[in-house]
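Please read the structure below before turning to the comments.
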Amino acid sequence: MSIWIDIGALDDLPLRGSRCVQTPTGKIGVFRTADDRIFAIRNECPHKGGPLTEGIVHGHSVTCPLHNWVISLETGAAQGADEGAVETIPVRVEGTRVLLLRSAIGARVAA
Amino acid sequence: MTERLVIIGNGMAPGRMLEHLIEAAPGAHDVTIFNAEPRVNYDRIMLSPVLSGEKTYDDIVIHDDAWYAAHGITLHRGHRITGIDRDARTVTSDGGITAAYDRLVIATGSNPFMIPVPGKDLAGVLAYRDLDDVEKMLDATERGGRAVVIGGGLLGLEAAAGLKARGMEVTVLHVMPTLMERQLDPAAGYLLEKELKRRGIHVITKANTKAILGTDRVQGVELADGTQIPASLVVMAVGIRPNVQIAKNAGLEVARGIVTTDTMATSDPAVFALGECAEVGGQVYGLVAPLYEQARVLAAHLAGDTTPRFVHQDTPTKLKVTGIDLYSLGDFAEGDDREEIVLRDASAGVYKRIVLKDNRIVGTVLYGETADGAWFNDLKKKATDVSDMRDTLIFGQAFQGGAPADPLAAVAALSDDAEICGCNGVCKGRITGAIRAKGLTDLDGVRAHTKASASCGTCTGLVEKLLKLELGDRYNPATVQPMCPCTTHGHDEVRRLIRAKGLKTIPAVMQELEWQTSCGCAKCRPALNYYLVCDWPADYADDYQSRFVNERVHANIQKDGTYSVVPRMWGGMTSSHELRAIADVVDKFDIPAVKVTGGQRIDMLGIRKEDLPAVWADLGKAGFVSGQAYAKGLRTVKTCVGSTWCRFGTQDSTGLGIRLEKFMWGSWTPAKLKLAVSGCPRNCAEATCKDIGVICVDSGYEIHFAGAAGLDIKGTEVLGHASTEDEALEIVVALTQMYREQGRYLERIYKWTKRIGVPEIRRQIMDDLPRRKSYFDRFVFSQKFAQVDPWSERVSGKDKHEFKPMAVVGYQEAAE
Ligand SMILES: Cc1cc2nc3c(=O)[nH]c(=O)nc-3n(C[C@H](O)[C@H](O)[C@H](O)COP(=O)(O)OP(=O)(O)OC[C@H]3O[C@@H](n4cnc5c(N)ncnc54)[C@H](O)[C@@H]3O)c2cc1C
Ligand code: SF4
Ligand code: SF4
Ligand code: FES
């Protein structure tokens, strides 16, 4: 069964903005787009690890603050000519709360 | 007394009608049904899945025996009505039952049409209408062999796919040149044919059936051209005819169907017709949606509500063959008064066509990707004017409204063999290939080399988007560089329109200037934010989500995601008190690096974001404010020690520098703005490579500007001479304001100068004194709103969310 972890209130996330969640497996960026969709991805740019939560959110993408790669929030993939992708994390809104899928952020057990 | 209601036929239409009736007037009618088929009401539409094996008969029953019992409805199965006596108000069945009615509903459906060719009555020749037909087909599939389906319409193709799924070798014969020609245009019909062939179904179009061969059982089919196709099963699915015989015999008015009013009454007010057998408003129907609507209207009338009327609506057609997505709606014939939008993606097998009349959808054909069918249907039904979304309409709903309406992205997503120019059959790959190989840079070039958009020109927009995709910012249709791919306007145009139209928010700009994306991109949003901050200082609420992170959190992001903090040291002067405070902060927060900057101040590097407010709080207590070392705005005013200490000094350069910095701090500019003041021409403050520099001389102040010492290196231009410190300040400030108002976002002052020309700037600032004064006044006004120390604001809680993680999930919580 999937277990979801409550990470805070929807109101804590500004529209066209983002927040960061610290987990044992690293930081996760939670984004809220202009059309009020919520996305979560690992907070590490596939280019040189830039903190994506610090970027400008536009459409369903974020532009990395370090060298302007544009990362899709839906797929985690770098857009345009750049290549690379960041892991997307299942996120859900329940009422006014935002939840992340625990198995996606928990300690990853070596297979 | 309850009314006696008799229904002839127990198909889907009367089934639905009874549901409405029972709900509206429970128990008001004594209902008797006669059904020639020996069964209850089942979902005829789902016969194809039964044929293919995806469903069973039990799955598709709509009303079971218990339902009729529960509602006291008498159902005579396997009883065909042979006569209606309208005078006696009775009906009689072939099973010898006579029933009297107060009101009668005829719902006899349709008969499949059998083409009158020799052999049509042979065993093994079937129609496709009811469960009996399906059972016979299934029998035939047990024996395997070859089947011929005559008729390449909806039913025929579903039958063919079903028989194929059951392991038969299937050939479809269709008399027209393309399949489903009534629902699909030739292009979609072609794709469908290709797909069926891929699945191993033979398709012969323009096939005229001459005879069905065989002696007692079918053995094959012969075409007019002499071709013979062997077959042990022939399914005829060439059309249906409303089943009107008993109505005709009873003397009711009959045309193609039983003629009714829009309340479903026949020429006898006690008799109604419903379903495929009825003709209402001159139309007969063969899909359930309008029949269900008839059912709703009739039920209301029988229950005593005489208001509802049947109104014609186009019904979409879909093919129920697993894996084939096909959607057709309305009228898609071509016409002079019609326009069409077509999208083809041959490799993905997608074809979409929208037919418009007066900017309204009148018809749609979708093949391969039908998700937006419902949306198009809705737009058509509501007769929505689609001119505003014409560019992206064909890409579907996802590209409209809330989601990014980026036509460029949609064009980028097309595969290389997607057809762009229908007139000349030019696909995307050929156009982009030509752009690259031939180095094309404009529409004319593409037209010359590929013919794309050279005929009717409706694809010009698409071709331009391809140019834009290929060339990026180098594509420059009107020699104005658009700000970014979200718009066709250049910076100057945008700035002009912001003022001319009084646009005061980012959404207003995007709406009025027809932005092509819903919420811009990382290029245009910060630019627009700056323009609005600059033009409407009193009215515009700075949009922090449109600022680069440094300006949002008032510190400089470093490569590892930490920040650096630079407090102001006015004119580069500091004191033991300030230095001690900095030393304390460095110790307290364990700041890894401290560095003296090129702008005469101290940079603390490697501070964690979460610590920023606390660092600022401590710095604030010592009197520091933000040095805005991150801002597209006033940075530093570098000075030398000037006449106060230096033996060459002519004026108090330090004092003027401090005065300038205190006057101008907090102002936002198109790009960063660095100043310097040197006390004599020896120029120890390096003022002649700054954005604005002042060289003090015996007679006063020489004002310089437009220097550069970064990517480019360039000495300053001389703007003019000021004899007093006040005048020097006014000139520097007025120049800054002129640059603020005219510069393009991220355009440094030397580049702006190159564009405007030194003489023009000199004319406005040095010669036109009233103008200089008005620039100065506008700067002063704007400073009222700009000079708020962002650090102390944040220490007191502004934008708290920026600096704390939203949550910290520990090992315990996260462990599985
Ligand atoms: C294989 C197949 C697939 C289809 N797919 C679709 C689809 O995808 N979408 C869609 O909208 N429509 C589809 N249709 C059409 C749809 O099923 C019909 O439009 C609808 O069922 C007609 O309903 P009806 O009640 O008017 O007539 P019917 O359902 O045909 O019912 C008429 C009934 O009356 C009985 N009857 C006839 N004469 C007498 C008499 N004298 N006495 C007593 N009983 C009599 C008949 O036995 C029959 O049971 C499909 C039809 C078929 C055959
Ligand atoms: S610029 Fe002139 S006044 Fe200033 S320190 Fe150098 S020599 Fe002295
Ligand atoms: S010169 Fe280059 S490396 Fe050095 S601080 Fe400036 S941008 Fe960074
Ligand atoms: S680290 Fe994100 S663009 Fe370089």
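One-based numbering along the chain as shown.
Here the Cβ of each residue, glycine as well, is placed from N, Cα and C on the backbone.
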Of the candidates B:C534, B:C646, the one that TrEMBL places in the [4Fe-4S] cluster site of B:C640, B:C680, B:C684: B:C646
Cβ-centroid neighbourhood (8 Å) of the [4Fe-4S] cluster site, B:C640, B:C646, B:C680, B:C684 excluded: B:V641, B:G642, B:F648, B:G649, B:S653, B:S678, B:G679, B:R682, B:N683, B:A685
Top Cβ-contact partner of the domain 'BFD-like [2Fe-2S]-binding' (B:483-532) among B:317-379, B:558-621, B:631-771 (pairs under 8 Å): B:631-771
Would you mind splitting the domain 'NADH-rubredoxin oxidoreductase C-terminal' (B:317-379) into helix, strand and coil residue counts from DSSP? 7 helix, 31 strand, 25 coil
For the domain 'Nitrite/sulphite reductase 4Fe-4S' (B:631-771), jot down how many residues DSSP puts in helix, in strand and in coil. 58 helix, 36 strand, 47 coil
Using a 10 angstroms cut-off on Cβ to Cβ distances, just flag whichever of B:C640, B:C646, B:C680 is the loneliest among these binding-site residues. B:C646
